[in-house]
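Listed features, source Swiss-Prot:
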COMPBIAS  1-12  compositional bias 'Polar residues'
LIPID     Cys3  S-palmitoyl cysteine
COMPBIAS  23-33  compositional bias 'Basic and acidic residues'
COMPBIAS  34-69  compositional bias 'Pro residues'
BINDING   Glu93, Ser94, Gly95, Lys96, Thr97, Thr98, Asp198, Leu223, Ser229, Gly251, Asn317, Lys318, Asp320, Ala377  GTP binding site
BINDING   Thr97, Ser229  Mg(2+) binding site
REGION    375-380  region 'G5 motif'
Amino acid sequence: MGCSASKPSEPSNAKLPSAPVPKKVEQVPEPKPEPQPQPEPQPQPEPPKPAEPAPAPAPAPEPQKPAEPAPKVVAVEDDTNEAYGLLLCGAGESGKTTFTRQLKLRYLNGFNEKDCRDFLRTIRGNLVETMQLLLVWLEHNNIEIEDSELSSMAQDIIDVDPQDCEFNEELVEKLKALWENEQIKKAFEHKDETAVPDHMPYFFAKIDELAGEDYIPSNEDVLRARIRSIGIEAITFDLQGARIRIFDVGGQKSERSKWANVMNQVEGVIFCVSFAEFDKPMFEDQNVLRINDSLEIFGNITHQEKFSNSPIFLVCNKFDVFTEKIKNTDAFVKIFPEFSGDSHNPEACADYLIQRFLDKAAPLSEDRPIIQYKIVALNGDQVVETADAICKFISDKYYQDA
């Protein structure tokens, strides 16, 4: 018996069910976490700047040499050697004698006791002479002193010799009483019409001192004493070897003839003129103004052939009194009616007067300079400054190649 084999079954054409399509799962993204707020950045401190190098020490200054003192003008006692001569001249009352006295006080040893005693006699005579001039003015203007006692005193004063009188208590009391009189005060207000010196109130204020038996005049007294220059006086100066000799000559008409005695010893001129007395008459001639006399002398001097190439130093003196007179009076325009500037401006009036002098000296040239100074001769510093400047000019111009 055989065994029978099984027949394999044929594959079935039946379709298998499709595998289920897996569902697409959408991935929902997880929300991103919100960024945490970052702390604001703190400002970082600036790195420290490197220290600047210390500046190099400044070089030590070189030691400075002490400034050399300006060359000094000195007076010379022994004036016998040759020197550059200057003629110090001008009309009367121009102040050149005061200028010379200042030179003596500042550069030399001043005045000895004998000189001062002589000045005291002069000052006392000035007091008497002044009162006489005021009394004469009253008489000329028909003004009488009303007080009978004072009128009698006035006659006594008229009879006194100013240069040779005993300055006793009786005379002093009469002078004091008259000085306080209203008529005399009125006369003094018109002193510019007379030859009365400007300084007399200074002396009347100290008349009791001046009457003292042992009184010795001060330098201020000496500078104000009025003495008409007689003769010729010389003072010699030295500036670094440059010798300059100043010859002071009298300014009154009677003294001018003596100027010829020193002409062969001088090369230049210092000419003094009082600007303050432009409206005052000459002492010698009441009909001639002092300023016109000065202009005439200046013209004559500057046109001498000897001075055709010489320096001329024009010293315009008493500028303080001139300034007050110009500011407070109409005197300038009365004397110079042709003046078209401001007659109350001292500088404008002074410039006008200076031009009048320059016109007298025309023609001008570089070889003959005319150098002007406005000064107050009573001021010693101004006189010294002027004298120094004159000496320096002479030294530079005439001794520089010596």
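Just so you know, glycine gets a Cβ as well, placed from its N, Cα and C.
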Give the number of CB atoms, excluding that of Gly95 (GTP binding site) itself, located within 10 Å of its CB.
25
Should anything in the same chain at least six residues away from the region 'G5 motif' (375-380) have a Cβ under 8 Å from its Cβ atoms, list it; otherwise answer none.
95-96, 98-99, 102, 105-106, 223-224, 272, 315-320, 386
Over the region 'G5 motif' (375-380), what is the model's average pLDDT?
96
Long-range Cβ environment of Asp320 (GTP binding site), under 8 Å and at least 6 residues apart
Ala276, Val376
In the region 'G5 motif' (375-380), how many residues does DSSP assign to helix, to strand and to coil?
1 helix, 0 strand, 5 coil
What count of other C-beta atoms do you get within 10 angstroms of the C-beta of Thr97 (GTP binding site), across all chains shown?
24
